[in-house]
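J.: Annotations per TrEMBL:
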TRANSMEM  36-58  transmembrane segment
DOMAIN    42-243  domain 'Cytochrome b561'
TRANSMEM  78-98  transmembrane segment
TRANSMEM  110-129  transmembrane segment
TRANSMEM  149-171  transmembrane segment
TRANSMEM  183-202  transmembrane segment
TRANSMEM  222-242  transmembrane segment
Amino acid sequence: MEQLRGRLLLLKFEFLSLASPGMEDGLTRPASPAGLSWYMAVSQLLGLTVIAMTGAWMGQYRGGIAWESVLQFNVHPLCMVIGMVFLQGDALLVYRVFRNETKRSAKILHGLLHAFALLIALVGVIAVFDYHRKKGFADMYSLHSWCGIAAFSLYFIQWLVGFSFFLFPGASFSLRSRYKPQHVFFGVFLLVLSIATCLLGIKELLLFSIQATYSSFVPEGILANVLGLLLIVFGLVIGYILTRDEWKRPPLAEELALSMDFKTLTKGESPSSSQ
């Protein structure tokens, strides 16, 4: 009986959205908040800049990027910046940018961006371990490596749990509601941890490669330091966007109504009963 009620509710709101396009535009298509577009543009500019600077660092001062050579290590920093920083940050912003699309569409895009980030980061992790194996270098002894493997492992777990709760059918409404605050918290925490790990990696690479000349303000050191600062600014801009309450994606009218009705259904009550 409850399943039948749920299907009837879905049909009701689909009919209302089709029959009243003017109402849908007025109630479920809120305009983008003032300032959000500017901050989004700044975040993307910063993200693309840190990727370009990482590529320039590896190309100009570290010899370039290749898989079957001594340049294999250079795949690691580029992939980690693209995956664990830029794409992860963009995935967190999906619900701020796509405000007028259905919640399910935003969820799918959110999950796909995180999946692409994981795949690219996995290439970077494989590259550095394979490079160490070929060169006979030790693994997992530095703070950078400990933070890095923790960030990647937790990110993978976060994606699996998020997929199970929010995309894979079966999780109850109440269970998703209880887990959502933890999911949001760990999403922001993992971005912060990833950026911090990148900063440790930048410092470590500089000490390994130009330790003798680093204090002389050589161009490579300056470039790497600026890259580190831009990574911090990128994280700050993402964090600012995510913590502005007025920039959160408001539920569409039909989503809000369905949410309220399904809450009552899961409690075994009639959607029209008083609370």
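Any Cβ shown, glycine's included, is placed from N, Cα and C.
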J.: Using Cβ atoms and a strict cutoff of less than 8 Å, what residues sit near the transmembrane segment (149-171) while being 6 or more residues removed from its termini?
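T.: Cβ under 8 Å, 6 or more out: 84, 88, 107-108, 111, 114-115, 117-118, 121-122, 125, 140, 179, 183, 186-187, 190, 193-194, 197.
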J.: Which range wins on Cβ pairs under 8 Å with the transmembrane segment (36-58): 78-98, 110-129, 222-242?
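T.: Top-ranked stretch among 78-98, 110-129, 222-242: 222-242.
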J.: What parts of the chain pack near the transmembrane segment (222-242), using Cβ distances under 8 Å and only residues at least 6 beyond its ends?
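T.: Here the qualifying positions are 36, 39-40, 42-43, 46-47, 49-50, 53-54, 56-57, 61, 81, 85-86, 89, 92-93, 96, 188, 191-192, 195, 198-199, 202-203, 205-206.
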